[in-house]
Amino acid sequence: MGVAGCGRPREARALLLLLLLLPPLLAAAVPPDRGLTNGPSEDVDECAQGLDDCHADALCQNTPTSYKCSCKPGYQGEGRQCEDMDECDNTLNGGCVHDCLNIPGNYRCTCFDGFMLAHDGHNCLDMDECLENNGGCQHICTNVIGSYECRCKEGFFLSDNQHTCIHRSEEGLSCMNKDHGCGHICKEAPRGSVACECRPGFELAKNQKDCILTCNHGNGGCQHSCEDTAEGPECSCHPRYRLHADGRSCLEQEGTVLEGTESNATSVADGDKRVKRRLLMETCAVNNGGCDRTCKDTSTGVHCSCPTGFTLQVDGKTCKDIDECQTRNGGCNHFCKNTVGSFDCSCKKGFKLLTDEKSCQDVDECSLERTCDHSCINHPGTFICACNPGYTLYSFTHCGDTNECSVNNGGCQQVCINTVGSYECQCHPGFKLHWNKKDCVEVKGFPPTSMTPRVSLHCGKSGGGDRCFLRCRSGIHLSSDVVTVRTSVTFKLNEGKCSLQKAKLSPEGLRPALPERHSSVKESFQYANLTCSPGKQVPGALGRLNAPKEMFITVEFERETYEKEVTASCNLSCVVKRTEKRLRKALRTLKRAAHREQFHLQLSGMDLDMAKTPSRVSGQHEETCGVGQGHEESQCVSCRAGTYYDGSQERCILCPNGTFQNEEGQVTCEPCPRPENLGSLKISEAWNVSDCGGLCQPGEYSANGFAPCQLCALGTFQPDVGRTSCLSCGGGLPTKHLGATSFQDCETRVQCSPGHFYNTTTHRCIRCPLGTYQPEFGKNNCVSCPGNTTTDFDGSTNITQCKNRKCGGELGDFTGYIESPNYPGNYPANSECTWTINPPPKRRILIVVPEIFLPIEDDCGDYLVMRKTSSSNSVTTYETCQTYERPIAFTSRSKKLWIQFKSNEGNSARGFQVPYVTYDEDYQELIEDIVRDGRLYASENHQEILKDKKLIKALFDVLAHPQNYFKYTAQESREMFPRSFIRLLRSKVSRFLRPYK
């Protein structure tokens, strides 16, 4: 059985008709009361019992012995036969000044394009198109009777579309030259000449340049009637009006009435007779009593009244619209637009109208899907997207990896390596990275004295095997000009997890049981790095992947060599080999201890073991946090930058003076490079090394990057802090002064404009290559576009010119969307995207185009088309090459859709994001009834619904899966949609489900 309302069984239809017809049939079948047959006969009301033979368009009036038929107002005849009266078929055209449309029993006046019907329902008034969106004109909009004209500012001329303006060219005779002389449209002709054309409704003058207005455009500028003559349009007025002195508009003549009355009556008695005669003639049954709206017959004649939103005029018959917006803005929060009989409130962009249809509420765009790639910050009426460190915002909402190495080599002195979300500096062989992570320091050999070890490994015999403790200290500064020995070991722990828990045994507790002579390993290191990675996931039941049951730990050690270790019999190379051999033995011991689960860590004074399972504190439900995490509102939160996790206090604390920490989730703070100079250090909670204080400022340098500092010499500059050298301007260029901080301080031979960089070899400005841009003057580099974006051309000046060429969208069986490349930024040139929507069986496609932005000045070089197949002859559902900010919804004319978007190398625009839904084809009639109803788009409030991503998602969810309707309560529905929208849908659905009610 089909969906209710889409078809009923024949038996059900018959039953329904029977129920509808049964009461009148039974009433007609009841015999008259026999008790009344002997009495006096009573009049039979033939009209009430349906025994008359009056025409369907006639009124039946009962009389004492019979009945009388009379045709309804608007019809003519003797009552048994009535035919429609054509009120338009007279010399007055029904009183209409433009077109008169006859309808059964009545008539209606309509106006030409560019006019609107006056409140009297007969006259036509000019519509000022310039009031809304400047008439679509780019520069100047001038209203004229029946139409409007776009004009351009000085130095521009009107393009062929008669709306946009193009800058004039001073060179050559062409359509780009201001002297082409065409009144309207200029077309390039062979041999370098031009040809003039006119807009529709105009004719080309004899001089083949000027354009003459005709009655076909804006009614020739006439308010009422227009007639074409050799001199142009000639205006005239309806008989009840006279022509104004301007020769175009019409004024109502004084004393003009539609009824024929004697104008020379002089006596009061004659006047009274006329009034009485007119009162007797006036009735609501004839021409609605002359009332505009509601008519009621009273003892003194007809009484006219007006519906809500109108006020009765002094003539007692005409209803005039009330402009509610004139009083307290109609109660609207933002905008009020008067309509005939009512008004509409609307909101500023970024706000939505609440269900009271007056109040405006900020739209929280950050609560919607796909608003921003990374972070979203909501503001009243708008929002801002932000990117994580190491990423750059492009196209308003997207984040792409920043190539830091493209600008001054990332600040690296030697090698810059870009990574996703970051970068790192590296040094050539024979150099080591300075503490500032940018400069490189030459390796000179080894220091004369040993440094305090930062890491110690202590292993001892315990229970027949080795037990190892790895202790990591903090507060030690690493030197960078020594020879080091590096080694590493990887071992596996079964049933392990990459998390730590408090150790049950500490080195202090073990020491009494491990005399010094029983120590198998006792080594110190300057650096250690531990990494943990889980093993492979194992397939489990039902094809699911179980969590790995093992983990792998890799420990990297770095040990420095010292002068005292070198002897006459063992040089530096010999010392390194001995050290490597000793370390390999130590690592074998460590590996055996780890396999026996006797490997322990001490980090920042906290003793830890590798955890088998996520541990919990005994007697508590609070989860034990991982390393570098503290509790915050019963949740484990990583300690933020500028703090570290203290194991003894079991909480995050601020880095003390003389230390810093620029990462989250750490168990120690790094020492500042000059801990002895505590007086110059910043207060606690230092986020990075630059907070340590005493650093050389931009334009300065020193051997270690700390004070005392020197100014950069002439011909050099330095934009960073804490550097050991300055950058050369190159090409022998001097600087304007000592202590220069940027290349812009270098005295170049020419200043390069944005989109260019200065080449210090040729001393010329070079255009930025594709994929780069430069927004500033006088730079010696171009910035790489973020992520996978590139530019349409070289010489780009702004990040907005970096565009992602990937075609956007997500295609699903039930819902999805298509999106122009780089949306919501401008799409790139020469794009070509193709999508195919192929819904499941017995489903159809509904598409909503909230808005689309395509440049109309490109002669349809950019377009979006939706067809059944790629063939240009296949059934086309939608095609456009223009901008439409008014939304539209439509169903596909074919069961599947082939969609293509193409752009040329000309102008670009924002493009589109078009959602779609597939629905059960049993609802086809209902969906088409809704989307084809003009009321869906009549008000701005309804239009905003089709632009609201949250509301469209809810509507599509129910259309795709009707059972999901029950996810939304009635209260939620009322809060989501305006009442007028709900009423529209309710009437459609009710008629669809109960067509026979």
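Just so it is clear, glycine is given a Cβ too, placed from its N, Cα and C backbone atoms.
Of the cysteines CYS399, CYS425, only one is given by Swiss-Prot as the disulfide partner of CYS412: CYS425. Which of CYS765, CYS768, CYS833 pairs with CYS807 is settled by Swiss-Prot: its disulfide partner is CYS833. In Swiss-Prot, the entry for N-linked glycosylation site among ASN264, ASN657, ASN688, ASN798 corresponds to ASN657. Within 10 Å of the Cα of CYS412 (disulfide bond), the following disulfide-bonded residues from the list CYS137, CYS141, CYS360, CYS405, CYS440 place their own Cα: CYS405, CYS440.
Here the domain 'EGF-like 5' (215-250) has, by DSSP, the following mix of helix, strand and coil residues: 4 helix, 14 strand, 18 coil. Summarised by DSSP class, the composition of the domain 'EGF-like 1' (43-83) is 4 helix, 15 strand, 22 coil. Listed in sequence order, GLU129, CYS130, ASN134, GLY135, TYR148, GLU149, CYS150, ARG151 are the same-chain residues six or more apart from CYS141 (disulfide bond) with CB atoms under 8 A from its CB. Considering only the disulfide-bonded residues CYS399, CYS416, CYS427, CYS860, the residue whose Cα is spatially closest to the Cα of CYS366 (disulfide bond) is CYS399. CYS137 (disulfide bond): 21 other CB atoms within 10 A of its CB, across all protein chains. When the disulfide-bonded residues CYS88, CYS137, CYS425 are screened for a Cα within 10 A of the Cα of CYS405 (disulfide bond), the ones that qualify are CYS425. Broken down with DSSP, the region 'Interaction with the cholesterol-anchor of SHH' (845-854) shows 0 helix, 7 strand, 3 coil. By number of Cβ pairs under 8 Å, the domain 'CUB' (807-919) is matched best by 126-162 from the list 126-162, 215-250, 321-361. Contacts between the domain 'EGF-like 1' (43-83) and the domain 'EGF-like 5' (215-250): absent, as fewer than 3 C-beta pairs lie under 8 angstroms at sequence separation of six or more.
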